[in-house]
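A.B. asks: What Swiss-Prot records for this protein is below:
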- 1-37: region 'Disordered' (REGION)
- 1-16: compositional bias 'Low complexity' (COMPBIAS)
- 17-27: compositional bias 'Pro residues' (COMPBIAS)
- 28-37: compositional bias 'Basic and acidic residues' (COMPBIAS)
- Arg97, Gly175, Asp193, Asp205, Phe206, Ser247: S-adenosyl-L-methionine binding site (BINDING)
Amino acid sequence: MEAAPRSRPRPGGAAASPPPPPPPPPPEQERKLEQEKLSGVVKSVHRRLRKKYREVGDFDKIWREHCEDEETLCEYAVAMKNLADNHWAKTCEGEGRIEWCCSVCREYFQNGGKRKALEKDEKRALLASKSTPALNASQPPKIEDPLPNFGLTNHEAITEELLHSLGKIRLLDVGSCFNPFLKFEEFLTVGIDIVPAVESVYKCDFLNLQIQQPLQLAQDAIDAFLKQLKNPIDSLPGELFHVVVFSLLLSYFPSPYQRWICCKKAHELLVLNGLLLVITPDSSHQNRRAMMMKSWKIAIESLGFKRFKYSKFSHMHLMAFRKTSLQTTSDLVSRNYPGMLYIPQDFNSIEDEEYSNTSCYIRSDMEDEQLAYGFMELPDAPYDSDSGESQSSSIPFYELEDPVLLLS
């Protein structure tokens, strides 16, 4: 029986062994790679929406088709929840936006912020009533003690308004995804999203939500109504919530008009003196987007709000607006208020979007000035309407597209 032929050794020595497998990436690098992949999913959805809007121009049609694309929406919801659970929670500002909302609500509803705002309104009204007759009088007005006791009627109105705030704070979280406010005891939370990531969030297209007449019920009956909502939500009564939250919501929409519609619906859903909390991503230093934030402030206040608080984190702007009138007071004839809710990406061309798909495009300061030129006629508003807080800052930050998705 013949022996099996032996394999010939390779020239120059013994047979080479296969190379060892590459070492696995360190945990931190692996986490960052996963975060980049997830943020890429989210940003690609935003880019496609903006691209379609530029190509088609019909934002109703684009949004309707987007809401019917269940596969993309589910992928988006899973990516957002994963980012929030496994990445943002490990950084101070990923959790900070939720904590900021809670802090503002506690300050306003529980620690005297609302009372101070109402008393400030009363002082303004009193000063206005004194100065108006003086404009038409030939003699200077009689000098009285500055800001004496306010009228009993106004004090009673303030007390009644504050008493209505007792109990849980009714909060609507629009674009909730994973219902982050549910864990806070002080809130009766309703989270809505076009594709919820968890069962506790209701399915709802906020842009097309129908607003009905307000409920004429006691507070406990309204609370019971909210606990028995049917899924999906197609309509809600007006003046139902103490707080409406837009956390990273408005920049999702490709059209400024859609952002405007959202703010208008928030005004209709809020009780008088309720809060609209708006958080939008931005990694640039504070003053670089000062013109944009001033534009947003004027547009939102035109609906019947006053800004109560403003903060700048390294990756986002955070604003709280107080509803000061029951009716929307905006004059769309003389001012293009919807167009004032712009974001930097609104000015990108399709080529810019394609470029940003492969690398991070950083706009120059000169380009920023050119984009903001159309809003140069806006009046100066260096302080908050209610809080008097300055918007100045000298902390340097660096800009990324949708930077909040890649917190480091």
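Cβ coordinates come from backbone N, Cα and C, glycine included.
Given the structure is predicted, the values throughout are model-derived calculations rather than measurements.
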A.B. asks: Per DSSP, Phe206 (S-adenosyl-L-methionine binding site) is which: helix, strand or coil?
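C.D. replies: Once the DSSP labels are grouped into three classes, Phe206 (S-adenosyl-L-methionine binding site) ends up as helix.
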A.B. asks: Find the longest CA to CA distance in the recorded S-adenosyl-L-methionine-binding set Arg97, Gly175, Asp193, Asp205, Phe206, Ser247; express it in Å as a whole number.
C.D. replies: 23
A.B. asks: Mind checking which of Asp193, Asp205 has the fewest other CB atoms within 10 A of its CB? They're the binding-site residues.
C.D. replies: Asp205
A.B. asks: Ten-angstrom check, please: count other Cβ atoms within 10 Å of the Cβ of Phe206 (S-adenosyl-L-methionine binding site), all chains counted.
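C.D. replies: So the number of other Cβ atoms within 10 Å of Phe206 (S-adenosyl-L-methionine binding site) is 22.
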A.B. asks: Of the residues in the compositional bias 'Basic and acidic residues' (28-37), how many are helix, strand and coil by DSSP?
C.D. replies: 10 helix, 0 strand, 0 coil
A.B. asks: State the three-class DSSP label for Gly175 (S-adenosyl-L-methionine binding site), counting H, G and I as helix, E and B as strand, and everything else as coil.
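C.D. replies: It is coil.
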A.B. asks: What does DSSP call Arg97 (S-adenosyl-L-methionine binding site) in the simple three-state scheme?
C.D. replies: helix
A.B. asks: Restricting to the same chain and to sequence separations of six or more, state which residues have a Cβ under 8 Å from that of Ser247 (S-adenosyl-L-methionine binding site).
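C.D. replies: Set apart from Ser247 (S-adenosyl-L-methionine binding site) by at least 6 residues yet with Cβ under 8 Å, we have Arg97, Ile98, Cys101, Asp173, Gly175, Leu277, Ile279.
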